[in-house]
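Asks: First the structure, which I've put down as structure tokens, then a few questions once you've had a look.
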Amino acid sequence: MADKEISLPAKLINGAVAGIVGVSCVFPIDLVKTRLQNQESKDGQKMYKNMRDCFVKTFRKEGFRGMYKGSGVNLVLITPEKAIKLTANDTFRFYLRTDKGQLPLYREMLAGGGAGLCQMIITSPMEMLKITLQDAGRISTTGQGPQLSSAGGISAAPSRAFSAVAMAATPQRMSALRIAYDLFRTKGLSGVYRGAGATLLRDIPFSMIYFPLFAHLNHLGKPEGAATSPFYWSFSSGCVAGCMASVLVNPMDVVKTRIQVLKRAQGEQTYNGVVDCAKKIWVAEGPSAFMKGAWCRVLVIAPLFGIAQMVYYFGVGEYILGIDSQYY
């Protein structure tokens, strides 16, 4: 990389393909993560006991399409988001090299932090819209008034009267475009970028951890004298680095998720900024609440970035543009 200029168009194509493939594979788990992070205990009981319970109840109530709520906006915006993130990291790594072509760890972390900063322009509104759509089913169920069972779940046998009321009370179907339009019309850019501060506090540390860790792990798998690491090693390196980074920043992901959801069920907390949200979670739910959805997040981020790095380094963009690809 020190001797070769990078092709931004090729990297943009690679990032787009990587994002679409990755999100398509892991989106249902991401939906479960969002609902687990947003739910609050009521009288010591929860709607979802764990990841499996949430997955099963969501699938039974909302079907296969319900598991992909919010995927449309994610698939549309993940293309520029992943393209910006991966391309920015490559670009910063290229220009932050020393005169001897070396990249010290602190410069690797600066490059990753810069990538996390650049992606926020897409990530913040994308996540806000996605989270609102993902959590709509949970809020709808809570708002309709089913009783929490002693096991912490929803009663599996609602009465006919309840079913009729629930059907009559079903809200109009939301769309990402409609939500974005209403927010921009009423609150301007600040509405669309709700939770941007929390997004930065999550994404910058994540990228500062992920990209240097991935680069070093990936380098370990490069055979002597070879220009590239095997694709399976790149995939594994992306999974491991994504897993570690996602766990370390999960507390801020919980805060971001709580702030960005637009509608909350009756009786749930409302939040006024990052500090207020963190304090209320700590007081009401304890420190363990900051790790809600951590296991789901690992199952989302690890394969997402493994797939992303594998597709990215296959050089699809370079192939399409007729450029000689090179592992960086």
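Even glycines carry a Cβ here, placed using N, Cα and C.
Marked as repeat 'Solcar' by TrEMBL: 6-95, 103-220, 229-318. According to TrEMBL, the feature transmembrane segment maps to 12-32, 294-315.
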Asks: Can you work out which residues elsewhere in the same chain, 6+ from the ends of the transmembrane segment (12-32), have a Cβ less than 8 Å from its Cβ atoms?
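Replies: Contacts of the transmembrane segment (12-32) (Cβ under 8 Å, skipping residues fewer than 6 from its ends): 51, 54-55, 58, 67-71, 74-75, 78-87, 134, 293, 296, 299-300, 303-305, 307-318, 320-321.
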Asks: Quick one: average pLDDT across the repeat 'Solcar' (6-95), no decimals.
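Replies: Across the repeat 'Solcar' (6-95), the average pLDDT comes out at 84.
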